[in-house]
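Annotated domain 'Lactate/malate dehydrogenase N-terminal' per TrEMBL: 32-174, in sequence order. According to TrEMBL, the NAD(+) binding site annotation covers G37, A38, A39, G40, G41, I42, G43, D63, N123, I146, S147, N148, M257. Marked as substrate binding site by TrEMBL: R110, R116, N148, R182. Taken from TrEMBL, the feature domain 'Lactate/malate dehydrogenase C-terminal' applies to 176-339. Residues annotated as active site, proton acceptor in TrEMBL: H206.
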Amino acid sequence: MRSSSILRSIKTSLVRGNQCRAFGSEAVPDRKVAVLGAAGGIGQPLALLMKLNPLVSRLSLYDIANTPGVAADVGHINTRSEVAGYMGEDQLGQALEGSDIVIIPAGVPRKPGMTRDDLFNINAGIVKNLCQAIAKYCPNALVNMISNPVNSTVPIAAEIFKKAGTYDEKKLFGVTTLDVVRAKTFYAGKAKVPVAGVNVPVVGGHAGITILPLFSQATPKANLSDEDIKALTKRTQDGGTEVVEAKAGKGSATLSMAYAGAIFADACLKGLNGVPDVVECSFVQSTITELPFFASKVRLGKNGVEEILGLGPLSDFEKEGLEALKPELLSSIEKGIKFANQ
Ligand SMILES: NC(=O)C1=CN([C@@H]2O[C@H](COP(=O)(O)OP(=O)(O)OC[C@H]3O[C@@H](n4cnc5c(N)ncnc54)[C@H](O)[C@@H]3O)[C@@H](O)[C@H]2O)C=CC1
Ligand SMILES: O=C([O-])CC(=O)C(=O)O
């Protein structure tokens, strides 16, 4: 979803949110969205943004602590969705039942000096448990994985769903939208074009050099030098670290991630509702390279992934970047698969 479009959605929701329910609008189907990790740095602003989304009819906020307060707070906003808070593992099933989309920002964030992979030991177990519950309580839901390291947590989720016999590769997404959001912002600044009209695909994965922005395909076109493109690429790859360092021990990107997560969930909702031609980048099971999972442009539909779009023409610099990222991305994917099958 384009940023102008989410702002429009939010405005529509603020102005007409209650009317949808009051008039029983048939044009907007009921959709339950669950946020797991809803009391966290990402979870809270994401809960707010999903509450503002008029496509959501039930918003389920789950965390191991503090969800009653977040749910009471967000629940007072006069928009369409009913909000419910759930706390602790014995309420997880209720939180998940009937969900169309489950968004997962549960887990620990980075501190300065850490890589995303340093989060693996804690977050892999959290994601595994949550996915076991998803397989049990809402096996048909679309899963939007935010928890890091995404390059490993998505393969973990896939393996857990396979074990449970519920895996549908069309319904599992690693959320890489923040990379696209950053690439658009940085490109617009350098190219001196209005950011609202900028598009930049970002492919690969979601960590360091595995994040590969395709500035050769950026629109509107701008005459940037090779040095500019290199610097923009590096800044996009290091965007998460830039925030981690600026926050100096108080976590990683939360507000921009909530925005990105809300854009991606909105795109999934639109796809489920049959809106045509909804395309976002996401880390999914894929055959467009030899790697089993890969982020690229994905067309979203009534069953999740409708089509995985190809990479398109790459510059020589991007071709080099693509080859360079493959070993690291493959190793992170394999680490996730191995963990899930231990
Ligand atoms: N995909 C992406 O682009 C991005 C991913 N992230 C990742 O998102 C994750 C969350 O980040 P923050 O919200 O900043 O962290 P946070 O620590 O502020 O919040 C995490 C929340 O998860 C909850 N939690 C822990 N274990 C849980 C469990 N078993 N079930 C449910 N909830 C549980 C915690 O209670 C906490 O409220 C981190 O892994 C971070 O690296 C962060 C930014 C961007
Ligand atoms: O950098 C981190 O640890 C959080 C993240 O994934 C991002 O901001 O892109």
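Using the three backbone atoms N, Cα and C, a Cβ is placed for every residue, glycine included.
Features recorded in TrEMBL, as mapped to the structure shown.
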{"residue": "G37", "record": "NAD(+) binding site", "DSSP class": "coil"}
{"residue": "G43", "record": "NAD(+) binding site", "DSSP class": "helix"}
{"residue": "R110", "record": "substrate binding site", "DSSP class": "coil"}
{"residue": "R116", "record": "substrate binding site", "DSSP class": "helix"}
{"residue": "N123", "record": "NAD(+) binding site", "DSSP class": "helix"}
{"residue": "S147", "record": "NAD(+) binding site", "DSSP class": "coil"}
{"residue": "M257", "record": "NAD(+) binding site", "DSSP class": "helix"}
So which recorded positions out of R110, N148, R182, H206 end up within 10 angstroms of N123 (NAD(+) binding site), measuring C-alpha to C-alpha? N148
Please report the Cα separation of G37 (NAD(+) binding site) and R182 (substrate binding site) in Å, rounded to an integer. 23
Which binding-site residues, if any, among A39, G41, S147, N148, R182, M257 have a Cβ under 6 Å from ligand 1, given in order along the chain? A39, G41, S147, N148, M257
Largest CA-to-CA spread of substrate binders R110, R116, N148, R182, angstrom: 18
For H206 (active site, proton acceptor), just give me the three-state DSSP call. coil
Distance, G43 (NAD(+) binding site) to R110 (substrate binding site) (CA atoms, angstrom): 16
In the same chain, which residues outside the set R110, R116, N148, R182 have their CB within 8 A of the centroid of the CB atoms that define the substrate site? P109, P149, H206, A207, G240, T241, V244, S252, A253
Once the chains shown are all counted, how many other Cβ atoms turn up within 10 Å of the Cβ of N148 (substrate binding site)? 27
Counting every protein chain present, what is the number of Cβ atoms, excluding its own, within 10 Å of the Cβ of R116 (substrate binding site)? 26
Using DSSP and three states only, what is R182 (substrate binding site)? helix
Rounded to an integer, what is the Cα-Cα distance in Å between S147 (NAD(+) binding site) and H206 (active site, proton acceptor)? 11
Taking ligand 2 as the reference, state which of the binding-site residues A39, R110, N123 have a Cβ closer than 6 Å to one of its atoms. R110
